[in-house]
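Undergrad: Below, the features straight out of TrEMBL:
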type: BINDING; residues: G41, G42, R63, N155; note: substrate binding site
type: DOMAIN; residues: 1-233; note: domain 'Aspartate/glutamate/uridylate kinase'
type: SITE; residues: K6; note: site 'Transition state stabilizer'
type: SITE; residues: K215; note: site 'Transition state stabilizer'
Amino acid sequence: MRVLVKLGGTLLDSLDSRAALAAQIAALPSTGVEAVVVHGGGKQMTRFLTERGVESRFVNGLRVTSPDVIDAVLKVFAGSVNKELVSSLVAAGAPAVGLSGIDGVLAEARQLNPELGAVGEIVQTNPAVLNALVEHGFIPVVACVAGDRQGGIYNVNADQMAVACAAGYEAARLLFLTDVDGVRAADGTTLPVLDVAGCQELIAQGVATGGMQAKLNSACAALAQGVGEVIIAPGSAPRVIERLLNGEVLGTRIVKEAQQ
Ligand SMILES: Nc1ncnc2c1ncn2[C@@H]1O[C@H](COP(=O)(O)OP(=O)(O)O)[C@@H](O)[C@H]1O
Ligand SMILES: CC(=O)N[C@@H](CCC(=O)OP(=O)(O)O)C(=O)O
């Protein structure tokens, strides 16, 4: 079974958390799961820029990506965050290979909006590089950076990158592992299931905001693009990947229409 695991940057910010997730991912091939990993690194990027006196600015949850920032996108997402995760996976016994959307023309993007600078929206994926790596037993680890055929480089929201890769790779399941228990309702409880209409409602009511608003939009896009199962779950829960794949109710399952 093909599974796309998306790891948020906060989960990758400590060696212990990274190692725990790497151990779980390294165990997947022995259970017949052909995994592809997509990761973010928003927290690491904001820190990197702050240390260099560059303020982070977001519009609708997307980082305004000036030329300064695109240089950092390569250094942080495709550089340190990607290689630290790959090395944790290798340490856990997994033959992981780090790449970005630029490599093998995996993810082609175009500028989303000139006001955001080099923020990309993915227009096409070419999953051949993922298929080739997986076929030979490697685990692809994809940074949220895309390119175009003219040499352009784009910063892509990591959830959107995960959806594009999941659809292109024809993953049966997409697991968004993040730093909260799942999607919270207005009363603070975590919702076990949420349908597309419910996602829109939570966004309209201002209950799902910022990163979660973007994640819900991505989750709905994944369902529309044919991914069978989409779950938003806490990356810090013990054995979270195995439990989700075994059907345990953990986090929030996003479905097209809730069963009455
Ligand atoms: N209704 C909600 N339920 C859960 N988290 C929410 C909600 N609304 C906003 N959030 C915020 O969304 C964050 C998760 O999104 P994000 O930071 O983009 O995660 P990641 O880095 O894993 O992609 C949470 O840490 C939380 O602060
Ligand atoms: C365009 C845009 O906003 N890109 C994001 C990419 C990183 C990301 O999405 O990381 P998380 O998964 O850790 O949130 C950014 O620059 O922060």
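Glycine is treated like the rest: Cβ placed from N, Cα and C.
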Undergrad: Across all protein chains in the structure, which of the recorded positions K6, R63 has the highest Cβ count within 10 Å?
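TA: Per the Cβ count within 10 Å, the most buried is K6.
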Undergrad: How far apart, in angstrom, are the most distant Cα atoms among the substrate-binding residues G41, G42, R63, N155?
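TA: Result: 12 Å between the two most distant Cα atoms.
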Undergrad: Tell me which residues of the chain lie with their Cβ under 8 angstroms from that of K215 (site 'Transition state stabilizer'), as long as they are six or more apart in sequence?
TA: D159, F176, T178, I232
Undergrad: With an 8 Å cut-off on Cβ-Cβ distance and a minimum sequence separation of at least 6, pull the same-chain contacts of G42 (substrate binding site), or say none.
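TA: Spatial neighbours, sequence-distant, of G42 (substrate binding site): G8, G9, T10, R63, A158, G211.
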Undergrad: Three-state secondary structure of K215 (site 'Transition state stabilizer') from DSSP?
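TA: Once the DSSP labels are grouped into three classes, K215 (site 'Transition state stabilizer') ends up as helix.
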Undergrad: For G41 (substrate binding site), what is the secondary structure state per DSSP, taken as helix, strand or coil?
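TA: Once the DSSP labels are grouped into three classes, G41 (substrate binding site) ends up as coil.
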Undergrad: Take the C-alpha atoms of N155 (substrate binding site) and K6 (site 'Transition state stabilizer') and report the distance between them in angstrom, rounded.
TA: 16
